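Straight from TrEMBL, the features:
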- A:92-308: domain 'ABC transmembrane type-1' (DOMAIN)
- A:31-49: transmembrane segment (TRANSMEM)
- A:96-115: transmembrane segment (TRANSMEM)
- A:127-150: transmembrane segment (TRANSMEM)
- A:183-206: transmembrane segment (TRANSMEM)
- A:227-249: transmembrane segment (TRANSMEM)
- A:255-275: transmembrane segment (TRANSMEM)
- A:287-311: transmembrane segment (TRANSMEM)
Amino acid sequence: MSEVKRIIVSEQEKKVTEQKSRRAARSLIKWKPYLFLLPAILLLGVWMYKPLLSTFVLAFQKWSMVPGTEPITVGLDNFIRLFQTKDFIHSIENTIFYTIGILPFSIIIPMLLAVATNGLNGRVKNVYRAMFFIPMILAPVTVGAIWRWLFHPANGLVNLTLQKLGITDGNISFFTDPVYAKWLILFMTGWGLIGFSTIIFSAALTNINRDYFEAAALDGATKWKQLLTITIPLLSPTILFMLTMSILFSSQFTFAYIDILTAGGPFGSSTNIYYEMYKYGFNNLNAGLSSAAATLFFIVFAIIAIGLNLLTKKFAFYDN
Amino acid sequence: MKRIKSITVLQHFLLIMMSIIAIFPLYWMIISSFKNESEIFTSSFIPQAPTWQNYLYAFAEMPIIQMLFNSFVVATLMTILQLATSLLAGYALVRWNFKGKLLIFTLLSLTWLIPFQAVMIPNYVLINQIGLNENPLGIVLPFAASTFAILSIYQSFKSFPTALIDAARLDGESDLGILFRIILPNIRSTVVSLGIILFINAWNEYLWPMLVTKEMENAPIQIGLKSFVNSDVNMWGSLMAATTISCIPILLIYLFLQKHIVDSFVRFGIK
């Protein structure tokens, strides 16, 4: 009797523990996705989102980052100061200059090159691709050092060649000249991007169905007409992708070259908005001013990005 | 027939021009590093009397070996951490439907909008507070999770057949087992390519390492190179020697895995 009872009780206990463990397993399953995402989310939270919020707060404060001191709230002072700073106005102009200036290198020339070289056979194509890609993998410091040497005012290859060809008779100090400095930084950035963009456009082109071109050719469409009516519309997702990349990243691409070659000068003629943020923060130790600029441009770039996203949804033509 | 040929000649002409523009600066860097003191300021395209002198001077001037080692530690650690966090996150995003998934995707995508310059000051303060300045961990930590890596891994996981995952689950395989024993071996080449891109990016990183390390002994090679460039000594031969050394690891990786790298850049885009 008691034996039977014990068995029944132990069976019941077993059931209860089973239920418990099943419930535990179910709640574990519920938590599992978050557990797997935890490291990434935690790291992005600590090193991206939390500091971004701190920057928004710092934009309204004055602080020199000296340990032991506390930031003082100053309201909109930093924003007012920003617009009274001449270099800041310069930097906005240059940011626009670099952003628009990069488009021929990231979209127009690469697209034409990709079209002009479409249909090349595999192995030859790979050799070219391998060479086109080299600027993309080199460090900004490396590229900066080489260009600085190539454009050296007294002994650089460019000055030597220009004089040998009789184009100029004196040395040009490219990086300390307000006109040349920013064009050179633009060209360097373009040089780094052009090969990469060409490869991206070539890859997109090979995915276009060749039948379209054959049909168009049968209908008597010229090459130029094919480009305008078939190629460009079908490449529009790639074009918009590269446009977004260029706008969001051109200031980051130029940052390194500005820092290495001109430090923003001469007279702020080659600086851009991100370089000003860096200068305010780590040269002038003015965390508030830097954060105000960061906040302002975060908003500007967010609006542009939303706009481009809508544009992509509306105009990108997909060949399904 | 003749028309087709002329187009091909034009094509090759364009491509060869582009290739020369792409690799000439690299060529100039290497030959400059072998020119002697009297030849460095001439425009000769091949060194008349090649010398190792510039390399000797560069090694004497900076702790190059130490800095290469630092770069190697930082880049390897960063790559491993970014791959680990993105494999886990990518798996969760593909495998389960859960509350807040959309929010997580939004948070991930929004990080594209946050330039590093917008978070550098708070991060700099934090790294100094926890005492990780002058430390490779301090360089790595803010970059231990990369949205670029997570979304790339997610893309490649998505194409993995779910039937195989379900079969493994019925066999009693755990989630980590599925991730590392079933999925990973099948998409190994994708992960390797991604790892190479991450390594190259980490090796080339310089703004953050510059803020975190002040001492040359703790700095990655890019920082040493930058201070050499800015030091205004007129030693262009040695500077080009140091520059050449700093990109040898990247160029070697590129030489052997070139096709891998180009393909994955095309697939994943840029950081």
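Even glycines carry a Cβ here, placed using N, Cα and C.
TrEMBL labels come from automatic prediction, so no person has curated them.
It is A:183-206 that, among the stretches A:31-49, A:127-150, A:183-206, A:255-275, forms the most Cβ pairs under 8 Å with the transmembrane segment (A:227-249). As a quick check, the transmembrane segment (A:96-115) and the transmembrane segment (A:183-206) clear the bar of 3 or more Cβ pairs under 8 A, pairs 6 or more apart, so the two touch. When Cβ-Cβ distances below 8 Å are used as the criterion, the transmembrane segment (A:31-49) is approached by no residue of the same chain that is at least six residues removed from its ends.
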